[in-house]
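Undergrad: Here it is: the structure, laid out below.
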Amino acid sequence: MAAKDVVFGDAARAKMVEGVNILANAVKVTLGPKGRNVVLERSFGGPTVTKDGVSVAKEIELKDKLQNMGAQMVKEVASKTSDNAGDGTTTATVLAQSIVREGMKFVAAGMNPMDLKRGIDKAVGAAVEELKKLSKPTTTSKEIAQVGAISANSDASIGERIAEAMDKVGKEGVITVEDGKSLADELEVVEGMQFDRGYLSPYFINNPEKQVVQLDSPFVLLFDKKVSNIRDLLPVLEQVAKAGRPLLIIAEDVEGEALATLVVNNIRGILKTAAVKAPGFGDRRKAMLEDIAILTGGTVIAEEIGLTLEKATLQDLGQAKRIEIGKENTIIIDGAGDASAIEGRVKQIRAQIEEATSDYDREKLQERVAKLAGGVAVIKVGAATEVEMKEKKARVEDALHATRAAVEEGIVPGGGVALLRARAAIAGLHGENPDQNAGIKIVLRAMEEPLRQIVLNAGEEASVVVAKVIEGKGNYGYNAASGEYGDLVEMGVLDPTKVTRTALQNAASVASLMLTTDCAVAESPKEESAPAMPGGMGGMGGMEGMM
């Protein structure tokens, strides 16, 4: 086992804070409508230009082990916020840096870190409740477009595309983002279905950049039991291999020898296959397999109806134009099923909804209707160059997550104003002792920080703008894009409540952990000794005699 360096107290915290500052300073330049770009080096190909906080954070790895620990903890804030809310990563990083910076001053002054943490938690709890009160539901397509535009760094066209896509497939519908072929963004609605099961083995992945399996015009084998013996599958696999097309297996489970053989065939390029578990459980699983069968024009191979795997033919398999399988989701696009059969199935499920007694059953049945009838909207991102395409695509994906979050939990005024207004709930808050009060003060100060950073990135004087916004009431704030003050909701500067809430909670959680850290253990740098000098060549003596 390698030797470790053990560092205690202020020395450990100071190094970790340095790491936090390096990462946060790199990320926070991207905040707001006038945020700057960050250029990321790639080991091959051109560099990537981005204004996405989490993309910047993910690239940062520091040489100093202790600094790197601090940076990685804040990176966790950004990626957790991105996973939960899909946006707000830069805001979360700015909040975390502020809480750590202010908190360290109090820790250095001898206050109890655990009480500071309790004060911080108390203040964040009150602020989150206040944010929920400030929140209002998104009702119009215009509001959805505004949320999308703000999240895409004030690009109104992206917001409009997303609002249009949500109109087409409904708020519960599936929307994906692809590379376009032209300079303009395009929207295409494709019949399709998504379910929450991912690939059974990462070895099926054939698009490493997106970490997904993409199958073009595949066959779909639907089986309601476990597959563990490859012999059962061989007849079907041989027929599919002859047809020269990929195969997706959807079964209760594919395990052991069967899964291993599929993986080996895939890696060797003999037969392009993928396997996923069937969605749902019990009777619902059977019903959902039947839905997929109708959508793809196949048959569920079940012993109840006298079908076995060994006797399955290509006629029993479903087909689709394209299937995309991620770690947690599978999307079937353009199934080859008969339109009238799909319509009949939807009517049948709607009749079941009418008769359903429990809310849970009703909700699950409605989900099935949406999957069969809703389709998938594809936003094709247009750009002049590949570098611009990647950057724009990342912004569209961010905006899509933000609009989903807005539909889910509502919206609050953007531009850092919601956090300023939520301070009202904390202003009168008191802890059980002075140290907890200091924790509350830390959060009060941190909640100004996103607005300060937006203003700084816009090249204005932060303290003047913050003071003026604090004087105002309600939605009154500063629109950094136009440099005007006014009602931000009317101006269309909106943030999803979920994004703001998640950013604050995650930032406080990780920052509190750092304040209460008193020891850091890291691997000692290896001392590499210089290589020995090579020996001289033999037989070189007696050169003088040759002169």
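Even glycines carry a Cβ here, placed using N, Cα and C.
Annotations per Swiss-Prot:
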BINDING   30-33, Lys51, 87-91, Gly415, 479-481, Asp495  ATP binding site
Undergrad: For the binding-site residues listed here (Gly32, Gly88, Gly415), tell me which residue's CB has the most neighbouring CB atoms inside 10 Å.
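TA: That would be Gly88, with the highest Cβ count within 10 Å.
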Undergrad: Test of understanding: give the count of other CB atoms lying within 10 angstroms of the CB of Asp495 (ATP binding site).
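TA: Result for Asp495 (ATP binding site): 31 other Cβ atoms within 10 Å.
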Undergrad: Enter the number of other CB atoms within 10 angstroms of the CB of Ala480 (ATP binding site).
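TA: Other Cβ atoms within 10 Å of Ala480 (ATP binding site): 26.
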Undergrad: Rank the binding-site residues Thr30, Thr90 by how many other Cβ atoms lie within 10 Å of each Cβ and give me the one with the fewest.
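TA: It is Thr30 that, of the binding-site residues Thr30, Thr90, has the fewest other Cβ atoms within 10 Å.
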Undergrad: Measuring CB to CB from Lys51 (ATP binding site), give everything in the same chain under 8 Å that is also at least six residues away in sequence.
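TA: When sequence neighbours closer than 6 are ignored, Lys51 (ATP binding site) has Thr30, Gly35, Arg36, Asn37, Val38, Asn153, Glu391, Arg395 within Cβ distance under 8 Å.
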